[in-house]
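Before any comments, here is the structure.
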Amino acid sequence: MLDDFLVRAALAGVGVSLAAAPLGCFIVWRRMAYFGDATAHAAMLGVALSLTLSTPIFAGVLLISLLMAVTVSTLSGRGYAMDTLLGVMAHSALAVGLVAVSFLSGVRIDLMAYLFGDILAVGKTDLAIIWGGALLVLVMVGYRWSALLLSTLNPDLAMASGISPRREQLVLTIALAIVVAVAIKVVGVLLIAAMLIIPAASARRFSRTPEVMALMAAIIGACANVAGLSFSYHFDSPTGPTIVCVVAVLFIALNTIQLISQRLSARLTSIRQD
Amino acid sequence: MHEAVKPARTFVLNAALKDAEMLIQARNLSVRIGKVPILNGIDLHAERGEILTVIGPNGSGKSTLLRTLIGALKPSGGQIIRSPGLSIGYVPQRLHVDETLPMTVKRFLQLPHRVSSAAMQAAMDNAGVPGLLGQQLISLSGGQLQRVLLARALLDKPGLLLLDEPTQGLDRRGTAEFYRHIDTTRKALNCAVIMVSHDLQVVMRQSERVICLNGHICCEGKPEVVSNSAEYRNLFGFEDDEDTLAVYSHRGHNQAPDALQEAV
């Protein structure tokens, strides 16, 4: 079964979606959408590093993503606004990465594969890395779930309960770096943030608890992956972007449905608000 | 009258919480936010079963003090000693819930750990908001949210309850009920309460001790003692306003008799 490249691609996409869902929720809740973006952009430097040192892409990307995530976590709140800091680091790292890649002589590099992913080229080893990383992220986030939630809701309440919000932020940051590293093959540097944020944002309006939102985000992400893959196969469109297009359409469709049903029950809502 | 006020800096502390009744103690505490000194040389302690109220003008560091006591801010000097295993219930000044975060009251009460349905229901009943368990946090009014926060803070039967202007958003009746609930709770749990308050009249009625804060401790003592002190009157601009003070002492019926004696 794993010999079919489409099956491997589908499994890879689903694996990334599962790990990205709860992380994406935290990114939405904590308003750190740009953080995911920045970590992903910095990953390009990791690609260059891996190619230079002939190590697996995954290792280089993981290293740089971690470095980036930890640096930003540490520096934030020390005189620079978070988004300024991210802007400086992310784009510098992306630029340095692209320049560094161009200097690599003798290696023909398909830059597009890293920028937009190459999910159809996922091999068995890639699949193992993706699922290993995804499971690791799920275990990390699952284990710290309540502490992460309370830190997200209010850091002071967390402190009063003996939870360190800084430590929880670090857990989140490391998990994010792992997801970026495993997702680069699937959707590429430029579209990872979309896989993190859009499923979570789509799930928001249909969720009453954080757990439901994370679960729905996972389902939406996984469905979009499979659907995107099949569209891409039939219409011969680039796979990564097609998957993101499907997620975006789902986002719009779900929000429209919600808006219409909200209009219909507008009366009920106004009574509730009184 | 004035000499009855303890000058803050000379307040003498015993060695590391020898007293079993002592729950938390701050020694010569200083806190900076960025480079701005907010608190300086704070000495305070709270004992089991007492209500300690912190008053002070805006920007005097009241919230900073509470946030330092829960450990959210690192002191730049001095130390905080807690009795071992002390559990803290904390009600922040306000809770901003991001609208992207779906969270029912029921789920919120179970952060960070599971609580039985019966305990949740009892806590909500006691806080005067029995029907809200299924509601979203973002849909609550300011007053409802304060009560839910209190219910959550009390779920773990804390040894120390820290309240930061807890009656913001409550109407007068709500405020009275809120303080009555705090008082009942304190007696039931035999916990210490440290609270920041603007309700000076309530302070006079309820507290054993009042700390008057303005970056440092200006004065402290029994409510009547503090309200008659020059520092307090300077701080709140009561220099020539004998009427205001008369109102306070007039309304201070419910104080313990010994407190009254000392005040007169």
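Along the chain as shown, residues are numbered 1 onward.
Cβ atoms are placed via backbone N, Cα and C, with glycine included.
A TrEMBL annotation is a machine prediction, not a hand-curated record.
Feature annotation from TrEMBL assigns transmembrane segment to A:6-29 (among others).
Taken from TrEMBL, the feature transmembrane segment covers A:41-68 (among others).
Long-range contacts of the transmembrane segment (A:88-107) within its own chain (CB-CB distance under 8 A, at least 6 residues past either end) are made by residues 37-39, 41-49, 51-52, 64, 68, 71-72, 189. Residues or ranges marked as transmembrane segment by TrEMBL: A:88-107 (among others).
Residues annotated as transmembrane segment in TrEMBL: A:128-150 (among others).
With a cut-off of 8 Å between Cβ atoms, the residues of this chain six or more beyond the transmembrane segment (A:170-200) that come close are 12-13, 15-17, 19-21, 23-28, 30, 33, 35-37, 39-41, 43-44, 46-47, 57-58, 61-62, 65-66, 68-70, 72-73, 94, 113-119, 121-122, 126, 129-130, 133-134, 136-137, 140-141, 144, 148, 213-214, 217-218, 220-221, 224, 240-241, 243-244, 247-248, 250-251. Per TrEMBL, the feature transmembrane segment maps to A:170-200 (among others).
Summarising the annotation, TrEMBL assigns transmembrane segment to A:212-235 (among others). Note on the transmembrane segment (A:212-235): residues 6, 9-10, 13-14, 16-18, 20-22, 24-25, 119, 195, 199-200, 202-204, 206, 242-247, 250, 254 of its chain, located 6 or more positions outside it, place their CB under 8 angstroms from a CB of the stretch.
Look at TrEMBL and you will find A:241-260 (among others) tagged as transmembrane segment. Long-range contacts of the transmembrane segment (A:241-260) within its own chain (CB-CB distance under 8 A, at least 6 residues past either end) are made by residues 13, 116, 119, 187, 191, 194-195, 198-199, 201-202, 205-206, 220-221, 223-225, 227-229, 231-232, 235.
Counting only same-chain residues 6+ beyond the ends of the transmembrane segment (A:6-29), those with a CB under 8 A from a CB of the stretch are 35-36, 119-120, 122-124, 126-127, 130-131, 133-135, 137-138, 141-142, 145, 148, 152, 172, 175-176, 178-179, 182-183, 185-187, 195-201, 203-204, 210, 213-215, 217-218, 221-222, 224-226, 228-229, 233, 239, 243.
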